[in-house]
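For CYS31, the entry in Swiss-Prot reads active site, thioimide intermediate, with the evidence type sequence analysis. According to Swiss-Prot, the active site, proton donor annotation covers ASP38. According to Swiss-Prot, the feature substrate binding site maps to ILE53, GLU54, LEU55, TYR72, GLU73.
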Amino acid sequence: MNKEIIEVFDNTFPNRDYTIEIVNPEFTSVCPKTGLPDFGTITITYVPDKSCIELKSLKYYFLEFRNAGIFYENITNTILDHLVEACQPKSMTVKTDWNARGGITETVTVSYTAEK
């Protein structure tokens, strides 16, 4: 996944802690075992520091996963790593909720907190 796609902009309220929640209910990737499509909802919750994530670039970043054979756990951790690197938030959580396959659903949650 090309993390260079992710753009940020200056946070105009860096001295105030507030939470931003971004939800993508139409995330797609491919199961690396079966080659079948996977569908899920990605929820990103973060407290920005000096910069915020630009949404159009995030949309294009998510499209990088569309044809990639990658496990749920890898997707979730990769997204967190790339977004933390891009915007260096005070804290961030990425939660992925995957649609049922064979009657089983999966949710993966990973978090980051900046060192003080």
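Any Cβ shown, glycine's included, is placed from N, Cα and C.
The structure displayed is predicted, hence computed values, not measured ones.
Shown here: features listed in Swiss-Prot, placed on the structure.
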residue: CYS31; record: active site, thioimide intermediate; Cβ contacts under 8 Å, 6 or more apart: PRO37, ASP38, GLY69, ARG101
residue: ILE53; record: substrate binding site; Cβ contacts under 8 Å, 6 or more apart: ILE6, GLU7, VAL8, ILE20, ILE22, ILE44, TYR46, LEU83, ALA86, CYS87
residue: GLU54; record: substrate binding site; Cβ contacts under 8 Å, 6 or more apart: ILE6, GLU7, VAL8, PHE9
residue: LEU55; record: substrate binding site; Cβ contacts under 8 Å, 6 or more apart: ILE22
residue: TYR72; record: substrate binding site; Cβ contacts under 8 Å, 6 or more apart: ASP38, GLY40, THR96, TRP98, GLU106, VAL108
residue: GLU73; record: substrate binding site; Cβ contacts under 8 Å, 6 or more apart: VAL108
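Residues ILE53, GLU54, LEU55, TYR72, GLU73 are recorded as binding substrate; their most distant pair of Cα atoms lies 24 Å apart. Every protein chain shown contributes to the tally, and the Cβ of ASP38 (active site, proton donor) ends up with 22 other Cβ atoms within 10 Å. Secondary structure at TYR72 (substrate binding site), taken from DSSP and collapsed to helix, strand or coil, is helix.
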